[in-house]
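Below is one structure, written out as structure tokens; comments come after it.
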Amino acid sequence: MGINFDVSRPKARSSINMTTKFHTIGLIGKPHHPGTNQTLKRLHHWLTVQGYEVLVEERVASELGTNIVAVDLLEIGARCDLAIVVGGDGNMLGAARVLARFDVGVIGVNRGNLGFLTDLPPDAFEEALAKVLDGEFDTEHRFLLEAEVYRHGMLKASNTAVNEAVLHPGKIAHMIEFEVYIDNQFMYSQRADGMIVSTPTGSTAYALSAGGAILTPNLQALILVPMFPHTLSCRPIVVDACSTIKMVVSPENGENLEVSCDGHVHLAVLPGDEIIVRRSSEQLRLIHPKGHNYFHVLRSKLGWGSKLF
């Protein structure tokens with residue numbers, strides 16, 4: 001599925017330690033956001049002074065002033081060793097769906113709310129980022145989902161998701177009917193507001209709000225979470241990450257249905273369509289500061305209790 005680019009990387013400047021893992025760095029952020037722009041300007045200046053080649057996503061480049069090398073996300077993925085995303089998890093998800101097809105590390109500076117995927121603080125990123133650039137970091141691979149919509153056996157639409165693919169009606173509080181198959185084995189029929197198919201990464205997002213379990217990031221699994229099911233005994237279920245999930249929409253449904261990928265990309269669904277959700281071949285390569293602790297992140301973001309003794 002990946003797009004191949006034959007783009008040679010420019011040589012690193014002599015002021016950079018040649019043992020470093022990173023030479024060309026991409027900056028990505030939320031457009032027209034004052035806090036994000038401020039952090040991006042600081043990052044650009046800080047990295048440029050140290051001799052790194054810095055590429056800036058074109059959507060935010062015009063807000064950073066002159067002498068900026070503006071490129072699109074695809075070129076950042078093709079040319080950069082590291083991409084720094086400034087914003088919230090939503091900005092990280094949008095960038096990740098593109099960057100996952102390239103061998104580029106991704107780290108985040110949190111300018112959002114919870115920030116499960118954005119490790120660095122916006123007001124004091126320099127110390128932690130300097131250590132990362134010196135090679136002191138942990139790498140974590142997060143797999144993506146691929147969602148496909150078939151109509152009369154023909155592929156009509158597809159996209160990828162980092163967090164989840166959600167089958168739902170276009171109308172609020174509108175129940176739909178569908179069947180669910182796991183690896184072509186019938187599991188159940190469902191009358192509900194929809195179905196969430198989530199990765200471990202997405203298990204702390206929409207799936208958690210709908211009553212799903214939290215899956216640790218290294219778990220090779222998917223979780224299916226029904227949204228307000230009409231059958232109260234229908235609970236979330238965890239399946240192997242290599243499973244193929246098929247949802248068949250009843251012909252009796254209305255026409256205003258869709259599959260949402262991370263809440264950003266929407267695929268139109270008609271009655272009788274089949275939705276296939278499976279693990280994608282693409283992976284997001286997340287970079288964390290050395291000593292990153294997932295359970296510390298959960299405690300701080302979800303307000304869990306600290307140690308008693």
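Even glycines carry a Cβ here, placed using N, Cα and C.
Going by Swiss-Prot, these are the annotated features:
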ACT_SITE  ASP89  active site, proton acceptor
BINDING   ASP89, GLY90, ASN163, GLU164, HIS174, ARG191, ASP193, THR204, ALA205, TYR206, ALA207, LEU208, SER209  NAD(+) binding site
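Annotated features, which come from Swiss-Prot, shown on the structure.
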| residue | record | contacts (Cβ under 8 Å, 6+ apart) |
| --- | --- | --- |
| ASP89 | active site, proton acceptor | GLY112, LEU114, GLY115, PHE116, LEU117, THR118, ALA205 |
| ASN163 | NAD(+) binding site | LEU93, SER198, THR199, THR201, GLY202, ALA205, TYR206, ASP262, GLY263 |
| HIS174 | NAD(+) binding site | ASP193, GLY254 |
| ALA207 | NAD(+) binding site | GLU164, ILE196, SER198, ILE223, VAL225, PRO236 |
| SER209 | NAD(+) binding site | none |
Q) Relative to the Cβ position of ALA205 (NAD(+) binding site), how many further Cβ atoms are located within 10 Å? A) 24
Q. Taking the Cβ of ASP193 (NAD(+) binding site) as centre, how many other Cβ atoms lie within 10 Å?
A. 20
Q: Going by DSSP, give the three-state secondary structure for ALA207 (NAD(+) binding site).
A: helix
